[in-house]
Amino acid sequence: MLRILDRAEEVLIAALIATATVLIFVSVTHRFTLGFVADFVGFFRGHGMTGAAAAAKSLYTTLRGINLVWAQELCIILFVWMAKFGAAYGVRTGIHVGIDVLINRLDAPKRRFFILLGLGAGALFTGIIATLGANFVLHMYHASSTSPDLELPMWLVYLAIPMGSSLMCFRFLQVAFGFARTGELPHHDHGHVDGVDTENEGIDAEGDVLLHSPLTPRDLVEKPKDN
């Protein structure tokens, strides 16, 4: 079940990024092409090239008739959703930046306590945001307000807040449970690309994958002793 949730989370984030990227590319290309064609119209007219000027003007009229004003608004909405679900993904994979200078100076029991305290605080905060966000979405639903360009229901736009925060709260609890059980935190290596040079990397003598974080030195993880 968790694998399905993880996969759905990744697919959603990838789809949001891809859609926003394509929209921005098309919008910028359209804007600059419109300017270039307008310059060509003036150039052809200045050199007495009537036929070319007429063709360029016709192309300019066609391009100007393509309305992409809504693209900016949609991109903003996509980035809002991307940020909320991306934050939850960051908790699950350990991408978020953490300041661990003081934590690493503590002994193992205190380090463990403060890590769990931090994860619990993150779950509490995001849970509060999810609750407040749900109330706000309900208020926007009854207000029946819409966005300026796309005229989308604003409650649908703001739905990213309770949904993303709820998922982030769940991820904090998931990481806290995993840490309490195994003493390990998810850790993302920024110099590592999935599927590239992964052979024999992060694998111990028994073939188990290690996900140790700077917050979880190996002295926190007690490996079973062979009888």
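Backbone N, Cα and C define each Cβ position, glycine as well.
Keep in mind that what you see is a predicted model, and the values were worked out from it rather than measured.
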Are GLY51 and ILE99 on matching sides of the membrane - judged by whether Swiss-Prot gives them the same topological domain name? no
Other same-chain positions with a Cβ less than 8 Å from the transmembrane segment (150-170) and lying at least 6 residues past its termini are 9, 70, 73-74, 77, 80-81, 83-85, 87-88, 91, 122-123, 126-127, 129-131, 133-134, 136-138, 140-141, 143-144
Outside the topological domain 'Periplasmic' (134-149), at least 6 residues beyond either end, the same-chain residues with a Cβ under 8 Å of its Cβ set are 69-70, 72-73, 77, 155, 157-159, 161-162
Residues outside the topological domain 'Periplasmic' (29-67) whose C-beta sits under 8 Å from one of its C-beta atoms, at least 6 past its ends, are none
Distal contacts, the topological domain 'Cytoplasmic' (1-7) - CB-CB under 8 A, six or more residues away: 92, 174
